[in-house]
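Participant: Next up is a structure, given as structure tokens.
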């Protein structure tokens, strides 16, 4: 495994002080981060999330996706729980990178959905891999998880690496008029587990101009 632990530091946030653990992939040069909160109870399932980098949603407040909303909600949920973790993986644009993501957005502006846009650019709908989580989970000392996700691929990935997913915790937040079609495509074509109302009703607070 090419993932190497580098260092840890405190990370004050609006929800409390997390611990930030840095990792480097010597093969790809990518730098991944694990956030932990609180003291983990031995042998207990820990609330957590695998979150792939989304610069537009996480840092630029884009309403085209639900990523930033999911990240903030996950951090808030963990703080309220008193313990938990987030693995922040550098897999922008479901693994195609930032510039290709912008190219995909350009195609979406012309009418393609998120899956069609990736495929027109020559990519699979979802290019992400999750093998880098193995040493990250070992480092933070977690092997039983209550996983915050709507994506069954993340559940299967954890299970395939010998991690026990005790519970899948839905994370259905961030719906608005700009991402309604995106959420529906994630549900109908990518297999994300979302309730019908999540991608058919518009958030009136976001809908105001």
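Positions of Cβ are set from backbone N, Cα and C atoms, glycine also.
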Participant: Swiss-Prot has 49, 50, 51, 52, 53, 92, 93, 94, 114, 149, 154 down as binding GTP; which of 70, 76, 172 does it also list for that site?
Facilitator: 70
Participant: Of 65, 126, 128, which recorded positions come within 10 Å of residue 51 (GTP binding site), going by C-alpha to C-alpha distance?
Facilitator: none
Participant: Using residue 49 (GTP binding site) as the reference point, find which of the recorded positions 65, 67, 126, 128 has the shortest Cα-to-Cα distance to it.
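Facilitator: If we rank 65, 67, 126, 128 by Cα distance to residue 49 (GTP binding site), first place goes to 67.
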Participant: If you count other C-beta atoms within 10 angstroms, which of the binding-site residues 54, 65, 67 is the most crowded?
Facilitator: 54
Participant: Where the record says 49, 50, 51, 52, 53, 70, 92, 93, 94, 114, 149, 154 bind GTP, what is the longest distance in Å from one Cα to another among those residues?
Facilitator: 22
Participant: At a 10 Å cut-off from the C-beta of residue 149 (GTP binding site), count the other C-beta atoms across all protein chains.
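Facilitator: 23, counting other Cβ atoms within 10 Å of residue 149 (GTP binding site).
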